[in-house]
(Lines of atoms letter the chains of each structure in order from A and count residues from 1; the text may use other names and numbers.)
(Lines give C-alpha, C1' and ligand atoms only; values in the text may rest on other atoms or scores of the structure.)
Protein backbone atom coordinates (compact mmCIF):
# COMPACT_ATOMS: atom_id res chain seq x y z
CA UNK A 1 0.00 0.00 0.00
CA UNK A 2 1.52 3.33 -1.05
CA UNK A 3 0.89 6.95 -0.10
CA UNK A 4 -0.04 9.85 -2.35
CA UNK A 5 2.42 12.74 -2.72
CA UNK A 6 0.66 16.03 -3.49
CA UNK A 7 2.45 18.32 -5.95
CA UNK A 8 1.80 22.00 -5.19
CA UNK A 9 3.07 24.22 -8.00
CA UNK A 10 3.84 27.85 -7.17
CA UNK A 11 5.38 28.94 -10.49
CA UNK A 12 2.69 31.58 -10.90
CA UNK A 13 3.22 33.01 -7.41
CA UNK A 14 6.64 32.33 -5.91
CA UNK A 15 8.23 31.70 -9.31
CA UNK A 16 6.97 35.05 -10.57
CA UNK A 17 8.92 36.77 -7.78
CA UNK A 18 12.12 36.28 -9.81
CA UNK A 19 13.21 39.73 -11.03
CA UNK A 20 11.94 40.02 -14.59
CA UNK A 21 9.67 36.97 -14.44
CA UNK A 22 6.47 39.00 -14.15
CA UNK A 23 3.67 37.53 -16.26
CA UNK A 24 0.48 38.99 -17.69
CA UNK A 25 -2.91 37.54 -16.84
CA UNK A 26 -3.14 35.75 -20.20
CA UNK A 27 0.35 34.29 -19.81
CA UNK A 28 -0.57 33.02 -16.37
CA UNK A 29 -3.74 31.46 -17.74
CA UNK A 30 -1.81 29.61 -20.46
CA UNK A 31 0.68 28.25 -17.94
CA UNK A 32 -2.13 27.27 -15.56
CA UNK A 33 -3.79 25.24 -18.33
CA UNK A 34 -0.47 23.52 -19.02
CA UNK A 35 -0.11 22.74 -15.31
CA UNK A 36 -3.58 21.23 -15.38
CA UNK A 37 -2.56 19.05 -18.36
CA UNK A 38 0.46 18.05 -16.26
CA UNK A 39 -2.09 17.02 -13.58
CA UNK A 40 -0.56 19.18 -10.87
CA UNK A 41 -2.63 18.71 -7.70
CA UNK A 42 -2.56 22.33 -6.50
CA UNK A 43 -1.83 25.47 -8.55
CA UNK A 44 -0.92 28.52 -6.48
CA UNK A 45 -2.15 31.12 -8.95
CA UNK A 46 -1.02 34.29 -7.19
CA UNK A 47 -1.39 36.71 -4.31
CA UNK A 48 -4.80 38.39 -4.87
CA UNK A 49 -4.34 41.21 -2.35
CA UNK A 50 -1.00 42.30 -3.82
CA UNK A 51 -2.47 44.07 -6.86
CA UNK A 52 -5.60 44.29 -8.99
CA UNK A 53 -3.69 42.50 -11.74
CA UNK A 54 -2.91 39.54 -9.52
CA UNK A 55 -6.50 39.44 -8.25
CA UNK A 56 -7.81 39.30 -11.83
CA UNK A 57 -5.27 36.62 -12.78
CA UNK A 58 -6.23 34.38 -9.84
CA UNK A 59 -9.92 34.94 -10.57
CA UNK A 60 -9.49 34.07 -14.25
CA UNK A 61 -7.49 30.93 -13.44
CA UNK A 62 -10.06 29.85 -10.84
CA UNK A 63 -12.75 30.14 -13.51
CA UNK A 64 -11.00 27.97 -16.12
CA UNK A 65 -9.25 25.26 -14.06
CA UNK A 66 -11.53 22.29 -13.37
CA UNK A 67 -9.25 19.43 -12.28
CA UNK A 68 -6.56 21.01 -10.08
CA UNK A 69 -7.11 22.87 -6.81
CA UNK A 70 -6.53 26.62 -7.30
CA UNK A 71 -4.81 28.37 -4.41
CA UNK A 72 -4.50 32.05 -3.50
CA UNK A 73 -1.89 33.40 -1.08
CA UNK A 74 -2.73 35.83 1.71
CA UNK A 75 -1.07 37.38 4.69
CA UNK A 76 -2.65 36.61 8.05
CA UNK A 77 -5.20 39.42 8.05
CA UNK A 78 -8.88 39.68 7.21
CA UNK A 79 -8.42 41.98 4.20
CA UNK A 80 -5.99 39.67 2.40
CA UNK A 81 -8.00 36.57 3.23
CA UNK A 82 -11.26 38.14 2.04
CA UNK A 83 -9.59 39.21 -1.19
CA UNK A 84 -8.29 35.69 -1.78
CA UNK A 85 -11.70 34.17 -1.10
CA UNK A 86 -13.31 36.61 -3.54
CA UNK A 87 -10.81 35.71 -6.27
CA UNK A 88 -11.41 31.99 -5.71
CA UNK A 89 -15.22 32.10 -5.85
CA UNK A 90 -15.36 30.49 -9.29
CA UNK A 91 -12.94 27.66 -8.47
CA UNK A 92 -14.12 24.06 -8.65
CA UNK A 93 -11.73 23.50 -5.74
CA UNK A 94 -10.28 26.54 -3.99
CA UNK A 95 -7.66 26.89 -1.26
CA UNK A 96 -6.54 29.87 0.80
CA UNK A 97 -2.87 29.80 1.78
CA UNK A 98 -2.25 32.19 4.67
CA UNK A 99 1.10 32.89 6.31
CA UNK A 100 2.86 34.83 9.04
CA UNK A 101 6.52 34.82 10.07
CA UNK A 102 7.44 32.88 13.22
CA UNK A 103 11.24 33.13 13.47
CA UNK A 104 12.64 35.45 16.18
CA UNK A 105 14.45 37.50 13.55
CA UNK A 106 11.36 38.08 11.42
CA UNK A 107 9.05 38.73 14.36
CA UNK A 108 11.39 41.31 15.86
CA UNK A 109 12.83 43.03 12.79
CA UNK A 110 10.07 42.74 10.19
CA UNK A 111 6.76 42.33 11.98
CA UNK A 112 7.72 44.12 15.21
CA UNK A 113 5.35 41.78 17.02
CA UNK A 114 5.73 39.63 20.11
CA UNK A 115 5.42 35.82 19.88
CA UNK A 116 2.05 36.00 21.65
CA UNK A 117 0.78 38.54 19.12
CA UNK A 118 1.94 36.37 16.21
CA UNK A 119 0.30 33.31 17.78
CA UNK A 120 -3.00 35.17 18.16
CA UNK A 121 -2.92 36.56 14.62
CA UNK A 122 -2.21 33.13 13.14
CA UNK A 123 -5.12 31.65 15.10
CA UNK A 124 -7.59 34.35 14.04
CA UNK A 125 -6.44 34.27 10.42
CA UNK A 126 -6.98 30.53 10.01
CA UNK A 127 -10.31 30.75 11.83
CA UNK A 128 -11.46 33.52 9.48
CA UNK A 129 -10.23 31.71 6.36
CA UNK A 130 -11.86 28.44 7.44
CA UNK A 131 -15.22 30.22 7.60
CA UNK A 132 -14.83 31.19 3.94
CA UNK A 133 -13.39 28.00 2.39
CA UNK A 134 -13.00 24.39 3.47
CA UNK A 135 -9.37 24.06 2.34
CA UNK A 136 -6.90 26.24 4.28
CA UNK A 137 -3.12 26.01 4.23
CA UNK A 138 -0.99 27.71 6.87
CA UNK A 139 2.70 28.56 6.54
CA UNK A 140 4.94 29.85 9.33
CA UNK A 141 7.28 31.99 7.24
CA UNK A 142 10.96 31.26 7.99
CA UNK A 143 9.67 28.22 9.85
CA UNK A 144 12.97 26.34 9.74
CA UNK A 145 14.70 29.10 11.74
CA UNK A 146 11.87 29.36 14.27
CA UNK A 147 12.03 28.28 17.91
CA UNK A 148 10.67 24.69 17.94
CA UNK A 149 8.62 25.13 21.12
CA UNK A 150 6.92 28.27 19.83
CA UNK A 151 6.42 26.79 16.37
CA UNK A 152 4.77 23.67 17.79
CA UNK A 153 2.43 25.87 19.82
CA UNK A 154 1.42 27.88 16.74
CA UNK A 155 0.92 24.82 14.54
CA UNK A 156 -1.19 23.01 17.12
CA UNK A 157 -3.40 26.08 17.39
CA UNK A 158 -3.94 26.59 13.65
CA UNK A 159 -4.76 22.91 13.16
CA UNK A 160 -7.35 23.24 15.93
CA UNK A 161 -8.76 26.23 14.03
CA UNK A 162 -9.19 24.13 10.88
CA UNK A 163 -5.96 24.34 8.86
CA UNK A 164 -5.97 21.34 6.52
CA UNK A 165 -2.36 21.67 5.33
CA UNK A 166 0.68 22.74 7.35
CA UNK A 167 3.56 23.98 5.21
CA UNK A 168 6.99 24.42 6.81
CA UNK A 169 9.17 26.65 4.62
CA UNK A 170 12.92 26.92 4.51
CA UNK A 171 12.42 30.49 3.35
CA UNK A 172 16.10 31.42 2.98
CA UNK A 173 17.47 28.06 1.79
CA UNK A 174 19.49 27.50 4.97
CA UNK A 175 18.56 23.87 5.63
CA UNK A 176 20.60 20.69 5.16
CA UNK A 177 18.67 17.57 3.99
CA UNK A 178 19.08 15.35 7.06
CA UNK A 179 18.50 18.23 9.48
CA UNK A 180 15.44 19.49 7.59
CA UNK A 181 13.92 16.01 7.35
CA UNK A 182 14.39 15.49 11.08
CA UNK A 183 12.95 18.95 11.76
CA UNK A 184 9.71 18.02 9.96
CA UNK A 185 9.68 14.67 11.77
CA UNK A 186 10.14 16.41 15.14
CA UNK A 187 7.25 18.80 14.48
CA UNK A 188 4.91 15.99 13.45
CA UNK A 189 5.83 14.02 16.59
CA UNK A 190 5.50 16.96 19.00
CA UNK A 191 2.33 18.60 17.66
CA UNK A 192 -0.48 16.59 19.33
CA UNK A 193 -2.99 16.98 16.48
CA UNK A 194 -0.49 16.64 13.62
CA UNK A 195 -2.49 13.76 12.15
CA UNK A 196 -5.37 16.14 11.41
CA UNK A 197 -3.44 17.95 8.64
CA UNK A 198 -1.31 17.18 5.59
CA UNK A 199 2.29 18.29 6.12
CA UNK A 200 4.06 20.16 3.35
CA UNK A 201 7.60 21.31 2.52
CA UNK A 202 8.65 24.49 0.73
CA UNK A 203 12.40 24.81 0.12
CA UNK A 204 14.53 27.49 -1.51
CA UNK A 205 17.73 26.77 -3.39
CA UNK A 206 20.22 29.26 -1.92
CA UNK A 207 22.69 26.47 -1.08
CA UNK A 208 21.67 24.29 -4.03
CA UNK A 209 19.73 21.80 -1.90
CA UNK A 210 16.06 22.69 -2.43
CA UNK A 211 15.21 19.36 -4.11
CA UNK A 212 17.31 17.31 -1.67
CA UNK A 213 15.76 19.10 1.32
CA UNK A 214 12.25 18.59 -0.04
CA UNK A 215 12.85 14.88 -0.60
CA UNK A 216 14.29 14.56 2.92
CA UNK A 217 11.19 16.29 4.28
CA UNK A 218 9.13 13.63 2.52
CA UNK A 219 11.22 10.55 3.30
CA UNK A 220 12.48 11.37 6.79
CA UNK A 221 9.87 13.87 7.92
CA UNK A 222 6.75 12.25 6.51
CA UNK A 223 5.56 15.28 4.54
CA UNK A 224 3.02 14.45 1.85
CA UNK A 225 3.01 17.70 -0.12
CA UNK A 226 5.94 19.33 -1.94
CA UNK A 227 5.81 22.97 -3.03
CA UNK A 228 7.83 23.54 -6.18
CA UNK A 229 8.09 25.44 -9.47
CA UNK A 230 8.69 24.59 -13.11
CA UNK A 231 12.43 24.86 -13.89
CA UNK A 232 13.02 25.74 -10.23
CA UNK A 233 11.95 29.32 -11.02
CA UNK A 234 11.99 31.66 -8.04
CA UNK A 235 13.64 34.64 -6.44
CA UNK A 236 17.34 34.55 -5.56
CA UNK A 237 18.59 31.02 -6.42
CA UNK A 238 15.09 29.70 -7.05
CA UNK A 239 12.75 27.09 -5.59
CA UNK A 240 12.54 23.32 -5.51
CA UNK A 241 12.30 22.14 -9.13
CA UNK A 242 9.04 20.35 -9.93
CA UNK A 243 10.51 18.22 -12.70
CA UNK A 244 13.41 17.07 -10.53
CA UNK A 245 11.41 16.17 -7.44
CA UNK A 246 8.70 14.44 -9.50
CA UNK A 247 11.14 12.33 -11.51
CA UNK A 248 13.15 11.49 -8.39
CA UNK A 249 10.03 10.14 -6.69
CA UNK A 250 8.87 8.34 -9.83
CA UNK A 251 12.26 6.89 -10.80
CA UNK A 252 13.08 5.82 -7.23
CA UNK A 253 9.64 4.55 -6.34
CA UNK A 254 11.43 1.58 -4.79
CA UNK A 255 12.85 3.97 -2.18
CA UNK A 256 10.06 6.52 -1.67
CA UNK A 257 7.07 4.20 -2.16
CA UNK A 258 4.84 7.10 -3.19
CA UNK A 259 2.22 7.59 -5.89
CA UNK A 260 1.92 10.73 -8.02
CA UNK A 261 -0.93 12.12 -10.10
CA UNK A 262 1.50 13.87 -12.44
CA UNK A 263 1.42 13.06 -16.17
CA UNK A 264 5.16 13.34 -16.71
CA UNK A 265 4.88 13.36 -20.51
CA UNK A 266 3.88 17.05 -20.26
CA UNK A 267 6.94 18.11 -18.25
CA UNK A 268 9.09 19.30 -21.17
CA UNK A 269 6.21 21.27 -22.71
CA UNK A 270 5.62 22.99 -19.36
CA UNK A 271 9.32 23.75 -19.01
CA UNK A 272 9.51 25.28 -22.48
CA UNK A 273 6.37 27.33 -21.95
CA UNK A 274 7.64 28.82 -18.70
CA UNK A 275 11.07 29.49 -20.19
CA UNK A 276 9.68 31.20 -23.28
CA UNK A 277 7.16 33.22 -21.27
CA UNK A 278 9.60 34.50 -18.66
CA UNK A 279 12.76 34.65 -20.75
CA UNK A 280 14.63 32.53 -18.19
CA UNK A 281 16.58 30.14 -20.41
CA UNK A 282 16.98 26.56 -19.19
CA UNK A 283 20.65 25.63 -18.88
CA UNK A 284 21.65 22.78 -21.25
CA UNK A 285 22.74 20.48 -18.40
CA UNK A 286 19.61 21.06 -16.30
CA UNK A 287 18.31 17.74 -14.98
CA UNK A 288 15.29 16.29 -16.83
CA UNK A 289 14.51 19.32 -19.06
CA UNK A 290 17.93 20.57 -20.20
CA UNK A 291 18.86 20.06 -23.86
CA UNK A 292 21.68 17.72 -22.81
CA UNK A 293 19.70 15.79 -20.20
CA UNK A 294 19.55 12.71 -22.43
CA UNK A 295 22.61 13.40 -24.62
CA UNK A 296 25.65 11.12 -24.63
CA UNK A 297 28.96 12.42 -26.01
CA UNK A 298 31.34 9.75 -24.72
CA UNK A 299 31.92 6.97 -27.24
CA UNK A 300 31.73 4.36 -24.49
CA UNK A 301 28.42 5.79 -23.28
CA UNK A 302 27.01 6.00 -26.81
CA UNK A 303 27.95 2.38 -27.47
CA UNK A 304 26.30 1.29 -24.23
CA UNK A 305 23.08 3.19 -24.90
CA UNK A 306 22.84 1.79 -28.42
CA UNK A 307 23.17 -1.73 -27.05
CA UNK A 308 20.87 -1.23 -24.06
CA UNK A 309 19.44 2.13 -23.03
CA UNK A 310 19.40 1.32 -19.34
CA UNK A 311 23.21 1.09 -19.30
CA UNK A 312 23.39 4.88 -18.96
CA UNK A 313 19.77 6.11 -18.83
CA UNK A 314 17.72 5.75 -15.65
CA UNK A 315 14.57 7.20 -17.26
CA UNK A 316 13.29 7.43 -20.81
CA UNK A 317 13.35 10.78 -22.61
CA UNK A 318 9.84 10.23 -23.96
CA UNK A 319 8.51 9.72 -20.42
CA UNK A 320 9.07 13.42 -19.70
CA UNK A 321 7.95 14.65 -23.11
CA UNK A 322 11.10 14.70 -25.23
CA UNK A 323 10.31 13.77 -28.83
CA UNK A 324 12.02 10.73 -30.30
CA UNK A 325 12.67 12.58 -33.58
CA UNK A 326 13.71 16.23 -33.65
CA UNK A 327 13.10 17.20 -37.29
CA UNK A 328 9.41 16.70 -37.92
CA UNK A 329 8.01 19.20 -40.40
CA UNK A 330 8.93 21.27 -43.47
CA UNK A 331 7.41 23.56 -46.06
CA UNK A 332 5.49 20.70 -47.70
CA UNK A 333 3.81 19.67 -44.44
CA UNK A 334 0.07 20.20 -44.27
CA UNK A 335 -2.26 21.57 -41.63
CA UNK A 336 -3.21 18.14 -40.27
CA UNK A 337 0.43 17.19 -39.75
CA UNK A 338 1.01 20.51 -37.99
CA UNK A 339 -2.04 20.02 -35.78
CA UNK A 340 -0.97 16.46 -34.94
CA UNK A 341 2.50 17.68 -33.94
CA UNK A 342 0.96 20.30 -31.65
CA UNK A 343 -0.99 17.54 -29.91
CA UNK A 344 2.16 15.42 -29.54
CA UNK A 345 3.93 18.41 -27.98
CA UNK A 346 1.11 18.87 -25.48
CA UNK A 347 0.00 22.19 -26.98
CA UNK A 348 -3.71 22.97 -26.90
CA UNK A 349 -4.95 26.06 -28.71
CA UNK A 350 -8.19 27.84 -27.90
CA UNK A 351 -9.90 27.50 -31.29
CA UNK A 352 -9.54 26.30 -34.88
CA UNK A 353 -8.98 29.94 -35.86
CA UNK A 354 -5.95 30.06 -33.57
CA UNK A 355 -4.61 26.85 -35.11
CA UNK A 356 -5.09 28.33 -38.59
CA UNK A 357 -3.23 31.50 -37.62
CA UNK A 358 -0.38 29.49 -36.10
CA UNK A 359 -0.24 27.30 -39.22
CA UNK A 360 0.13 30.38 -41.44
CA UNK A 361 3.06 31.52 -39.29
CA UNK A 362 4.51 28.01 -39.59
CA UNK A 363 4.30 28.13 -43.41
CA UNK A 364 5.99 31.54 -43.42
CA UNK A 365 8.78 30.16 -41.25
CA UNK A 366 9.10 27.01 -43.39
CA UNK A 367 9.71 29.20 -46.44
CA UNK A 368 12.70 30.71 -44.62
CA UNK A 369 14.28 27.62 -43.05
CA UNK A 370 14.34 24.08 -44.41
CA UNK A 371 14.03 22.13 -41.16
CA UNK A 372 11.39 22.91 -38.54
CA UNK A 373 12.19 21.62 -35.05
CA UNK A 374 9.87 21.18 -32.09
CA UNK A 375 11.47 24.21 -30.49
CA UNK A 376 10.58 26.29 -33.56
CA UNK A 377 6.96 25.20 -33.37
CA UNK A 378 6.68 26.02 -29.68
CA UNK A 379 8.27 29.43 -30.24
CA UNK A 380 5.91 30.40 -33.04
CA UNK A 381 2.86 29.13 -31.12
CA UNK A 382 3.95 31.22 -28.15
CA UNK A 383 4.33 34.25 -30.43
CA UNK A 384 0.90 33.63 -31.96
CA UNK A 385 -0.73 33.44 -28.52
CA UNK A 386 0.95 36.68 -27.52
CA UNK A 387 -0.24 38.39 -30.72
CA UNK A 388 -3.83 37.63 -29.74
CA UNK A 389 -3.48 39.61 -26.53
CA UNK A 390 -4.47 43.28 -26.47
CA UNK A 391 -1.06 44.97 -26.47
CA UNK A 392 -0.05 48.58 -26.73
CA UNK A 393 2.90 47.83 -29.03
CA UNK A 394 3.13 45.29 -31.87
CA UNK A 395 5.90 44.66 -34.40
CA UNK A 396 5.18 45.18 -38.12
CA UNK A 397 8.46 45.33 -40.06
CA UNK A 398 12.12 46.29 -39.92
CA UNK A 399 14.67 47.45 -42.46
CA UNK A 400 18.32 48.29 -41.96
CA UNK A 401 21.43 49.36 -43.79
CA UNK A 402 25.01 48.83 -42.71
CA UNK A 403 28.48 48.85 -44.24
CA UNK A 404 31.81 47.99 -42.68
CA UNK A 405 33.22 51.00 -40.87
CA UNK A 406 29.92 52.91 -40.82
CA UNK A 407 27.21 53.13 -38.17
CA UNK A 408 24.19 50.99 -39.12
CA UNK A 409 20.85 52.66 -39.86
CA UNK A 410 17.54 51.04 -38.88
CA UNK A 411 13.88 51.77 -39.50
CA UNK A 412 11.28 49.92 -37.43
CA UNK A 413 7.56 50.00 -38.19
CA UNK A 414 5.30 49.05 -35.28
CA UNK A 415 1.85 49.82 -33.98
CA UNK A 416 0.94 51.83 -30.91
CA UNK A 417 -2.60 51.00 -29.79
CA UNK A 418 -3.36 49.86 -33.33
CA UNK A 419 -1.91 52.90 -35.08
CA UNK A 420 1.15 52.32 -37.28
CA UNK A 421 4.22 54.42 -36.52
CA UNK A 422 7.83 54.46 -37.72
CA UNK A 423 11.02 54.95 -35.72
CA UNK A 424 14.46 55.55 -37.25
CA UNK A 425 17.94 55.70 -35.74
CA UNK A 426 21.57 54.79 -36.15
CA UNK A 427 23.45 52.79 -33.55
CA UNK A 428 26.53 50.88 -32.48
CA UNK A 429 25.43 47.81 -34.45
CA UNK A 430 22.16 46.73 -36.10
CA UNK A 431 20.48 45.62 -32.86
CA UNK A 432 21.38 48.84 -31.07
CA UNK A 433 20.12 50.90 -34.02
CA UNK A 434 16.82 49.00 -34.14
CA UNK A 435 16.08 49.34 -30.44
CA UNK A 436 17.01 53.02 -30.52
CA UNK A 437 14.63 53.40 -33.47
CA UNK A 438 11.81 52.07 -31.29
CA UNK A 439 12.84 54.32 -28.40
CA UNK A 440 12.94 57.36 -30.70
CA UNK A 441 9.16 57.16 -30.78
CA UNK A 442 8.27 55.46 -27.48
CA UNK A 443 10.64 57.36 -25.15
CA UNK A 444 10.02 54.87 -22.32
CA UNK A 445 13.03 55.89 -20.24
CA UNK A 446 13.60 52.22 -19.37
CA UNK A 447 17.08 50.88 -18.70
CA UNK A 448 18.14 47.62 -20.35
CA UNK A 449 19.70 45.37 -17.72
CA UNK A 450 19.95 42.17 -19.78
CA UNK A 451 20.17 41.22 -23.44
CA UNK A 452 20.70 37.59 -24.40
CA UNK A 453 20.37 35.45 -27.52
CA UNK A 454 19.65 31.73 -27.54
CA UNK A 455 19.62 29.57 -30.67
CA UNK A 456 16.33 27.65 -30.65
CA UNK A 457 17.79 24.80 -32.69
CA UNK A 458 21.28 23.79 -33.67
CA UNK A 459 21.84 24.97 -37.25
CA UNK A 460 23.02 28.25 -38.80
CA UNK A 461 19.48 28.91 -40.04
CA UNK A 462 18.09 28.47 -36.54
CA UNK A 463 15.64 30.93 -35.10
CA UNK A 464 17.19 33.18 -32.52
CA UNK A 465 15.28 33.61 -29.27
CA UNK A 466 16.14 36.97 -27.73
CA UNK A 467 15.46 37.96 -24.13
CA UNK A 468 15.43 41.63 -23.16
CA UNK A 469 15.16 42.69 -19.52
CA UNK A 470 14.08 46.27 -18.84
CA UNK A 471 13.97 48.20 -15.59
CA UNK A 472 11.93 51.31 -14.98
CA UNK A 473 10.71 52.99 -11.79
CA UNK A 474 11.69 49.99 -9.67
CA UNK A 475 9.96 47.46 -11.92
CA UNK A 476 11.83 44.76 -13.83
CA UNK A 477 10.29 42.89 -16.78
CA UNK A 478 11.44 40.40 -19.41
CA UNK A 479 10.45 40.42 -23.06
CA UNK A 480 11.02 37.51 -25.44
CA UNK A 481 11.06 37.47 -29.24
CA UNK A 482 11.94 34.79 -31.79
CA UNK A 483 12.83 35.04 -35.48
CA UNK A 484 15.46 33.68 -37.89
CA UNK A 485 16.66 37.30 -38.11
CA UNK A 486 18.29 38.17 -34.77
CA UNK A 487 17.65 41.89 -35.27
CA UNK A 488 13.93 41.28 -35.83
CA UNK A 489 13.83 38.95 -32.81
CA UNK A 490 15.47 41.71 -30.76
CA UNK A 491 12.88 44.28 -31.82
CA UNK A 492 10.06 41.86 -30.99
CA UNK A 493 11.58 41.14 -27.57
CA UNK A 494 11.98 44.85 -26.83
CA UNK A 495 8.35 45.58 -27.73
CA UNK A 496 7.25 42.58 -25.64
CA UNK A 497 9.08 44.01 -22.63
CA UNK A 498 7.56 47.46 -23.20
CA UNK A 499 4.10 45.89 -23.22
CA UNK A 500 4.78 44.31 -19.84
CA UNK A 501 6.05 47.59 -18.43
CA UNK A 502 2.78 49.18 -19.49
CA UNK A 503 0.60 46.46 -17.97
CA UNK A 504 2.46 45.51 -14.79
CA UNK A 505 1.10 46.97 -11.55
CA UNK A 506 2.98 47.47 -8.32
CA UNK A 507 2.72 44.51 -5.95
CA UNK A 508 2.93 43.93 -2.23
CA UNK A 509 5.83 41.67 -1.28
CA UNK A 510 4.89 38.08 -0.48
CA UNK A 511 6.75 35.46 1.49
CA UNK A 512 9.88 33.91 0.00
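Start at 1 and count along the chain as shown; that gives each residue its number.
Even glycines carry a Cβ here, placed using N, Cα and C.
Just so it is clear, the model here is predicted, and its values are computed rather than measured.
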Residue from 14, 26, 41, 426 that Swiss-Prot also lists as binding Mn(2+) with 202, 204, 239: 14
202, 204 as binding-site residues, winner by CB count within 10 A: 202
Cβ-Cβ neighbours of residue 239 (Mn(2+) binding site) (radius 10 Å): 31
Cβ atoms near residue 14 (Mn(2+) binding site) (within 10 Å, other residues, all chains): 27
Secondary-structure category, per DSSP, in which residue 14 (Mn(2+) binding site) falls: coil
